[in-house]
Amino acid sequence: MSVFHDLESKRCFGHRSSVTAVAWNLDGSRLLAAGDASTVLVYDTQSLEMSTRPERHFLHECHGHTKNIEAMVPSQTSPDMFVTGGVDCLINVYDTRTGSRAIHSLSTDSKCLFADWAPDGNTVAIGLSSNTIYFVDCLTWTVRKKMPFDGEVNQFRWTPDGRRILFTRGDGSVDAFAWPSLEHIITVQGHVDTCMGIACDPKGRYVSVASLDTCVSVWDSMSLSNIFTIDRWEKPVQLLDYSYEGQYLALTGDLERIDITDSSNGSLVHSISTVAVLNGFAWHPSRLLLAYAPMKFGRYGGEQPATYVWGFSRSK
C-alpha cells in the first residue's frame, strides 16, 4: 500500500479567477499563489495545516502587475522575498516586510514566462517569450546580462551546486552552460519533440526533462547521460518537480492528475486526481506537501478558484 494513500488536499481561497503560479517561500512557512491577472496572495502554512475548513485568510495581498503573472520564484536567502514575472513585461521584486507593493520593478522587451533563482542567492534568471534570458543582480536589482538564444528556449534550472545552468530547447535538446561564465559546455539530444519542463534532484544525482513527445527522460546530473525514460503517458508532461529530499518526482501536464514517481527508477508511487489541468505546482522545501493550481473551473459547477495543498493527514 502506498505511503500516500491516507493523505488529503486542503484548499486556499481568495482569488476570483484561476491561479497562474504557486511557490513556497524559503523556509516553507508561507505559500505564494499568483492569480487574478495581477496579484499574489501569501498564506500561512501552519494556519492552513491546523484549519479543518478551506483557508480564506491570507497574510498579504501583493500588487504591481497589470496582466497575468506566469513566473514566480522565492528568494534563496530571505523567507520574506520573492520575484514575479508577468506577461505585462515586468519583473517585480517583493519583500513582505515592507508591504504589498513591489520594492523594485524592471521592464523587459517581451513577456516573462519562466524564472529561477541561483542557489547562492545572488542572481535571478527570467526567461522571456523572445527567447532571451535576463540575469538580474540581486544586490543592485539591475539586469546584469541578457542572453539571447537562436531558436526556442523554454524552462531552465541551476544545478544544486550552482555551477551550471540547464536550458530546455524547442528542438528536443538540453543546453548546459557554466555559471557564472555562461560558457557553453554541452548540448544533449534527449527527445524527438520540444523539451519543456526541467527539474534537478536537490541531492545532485538526477536531472529530469519533460517533452511534448509525452516522455520524461532522467539523466545523470554530472555526465548528462541518460539513465532511464518514463513513457507511460498518452499526453505530454510539461511540469515536474523533485521533493525536498529527492526521493520523489512529481509530474503533470495535459492530464487532470499528478503522478508521483520513485526518482530512482520512475515507477509510479501515487496519483493525485486534480479538478483540471494545472497551471503550476511546487513541493514544500522541507516536507512532503505539494501545492498545485488548477487551470480552469468553468465546467465544474461554478467551483471557486483555489490553490490546493496535498499531503496533510486525513481528518478523522
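Quick reminder: no glycine exception, Cβ is built from N, Cα and C everywhere.
Features of the protein shown, as given by TrEMBL:
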type   : residues : note
REPEAT : 12-53    : repeat 'WD'
REPEAT : 188-229  : repeat 'WD'
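If one looks beyond the repeat 'WD' (12-53) by at least 6 residues along the same chain, the residues whose Cβ comes under 8 Å of a Cβ in the stretch are 59-80, 82, 84, 86, 94, 96, 279-287, 289, 291-297, 304-309, 312, 315. DSSP labels the residues of the repeat 'WD' (188-229) in these numbers: 0 helix, 23 strand, 19 coil.
As a summary of secondary structure, the repeat 'WD' (12-53) carries 6 helix, 19 strand, 17 coil according to DSSP.
The predicted model assigns the repeat 'WD' (12-53) a mean pLDDT of 93.
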